[in-house]
Amino acid sequence: MSNRLAVLSRLLVTLMAGGLAYVVTNLYDMPGAWRATLAVVIASAVLIIQYVVDMERRIMALDQDLHDYHEKMRELVSGSFASINEATRLFGMVEGSALRTDEVTRLARGATQVGAGGPDLMRTFARAEMDRLASLMEDMNQGIVDHDGEDHEWLVTLTQCAVSSIDAVSPAVDRGFWTTTTGRRYLWAQREAIQTRGVRIRRIFLVATSDEVDADLELQRESHQNLGIEVRVLAVSDLPATTNRGPSSDFIVFDDSLTYEVGLDLDGRNARTTLNLRADRVAERRERFTEFWEAAQ
């Protein structure tokens, strides 16, 4: 419709120019044929000028469109190359890290496929888990990881990953833990670590006084020893005065390189789990465990 109106507009302007030229030539003493010819020539010139102006306008618009297209393509290509470079850089970092490349690739592939055709809740949950995992990796890189409450999955997984030693201080008041599903999983993981990887596991049951060493605790000690765990019981009241008692939180040292610690709240409940890879903290806990182990029976 717009093209048709443009053509009609040009024809109207051409006819008006030709008519005006014919009227003007009537003012001069010219033969009729010349007046008509001159009017046609002027009208044709006006028509040609209109087409030239329109063509120039179209060329300018096309040039602008091409410029915009080239800019968009340049940005697209630059962005694509930047993404490729970033992906290449990250992949190179993965290959140079302690993680296996196939494990990271598997995680990335699974992340791209999760929730396909599923409910929004699944995708939201997957994003939350990915964010949690990313935060865990970042915190581990800083040498310390905190978690509200007690994280038993960390406990079991670390036991499954240990290759040389596990030294644990366990308050005797938590003896009910060993009969829970998580407690049995933890014991089974320790048994596997001892039998399949030769991990040395030592546990100190901590009590306030020697009067708390009863038949139930001795039975608990025996059940652990039957799994190959070295067990001693320590009464805090019997510690030498020179021993640095410090806070009596539950802690475990894995492979002499990482500590798993459980902090208590004001009510004595497990409030926070901390993984600490910092050398000074690990050395402090190793020294404390050694002192406790030598004083225990």
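A Cβ is built for glycine as well, from the same backbone N, Cα and C atoms used for every other residue.
All annotation found in TrEMBL is predicted automatically rather than curated by experts.
As written in TrEMBL, here are the features:
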| type | residues | note |
| --- | --- | --- |
| DOMAIN | 189-296 | domain 'DUF6879' |
| TRANSMEM | 31-53 | transmembrane segment |
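Across the domain 'DUF6879' (189-296), the DSSP tally of helix, strand and coil residues reads 43 helix, 33 strand, 32 coil. For the domain 'DUF6879' (189-296), the model's pLDDT averages out at 85.
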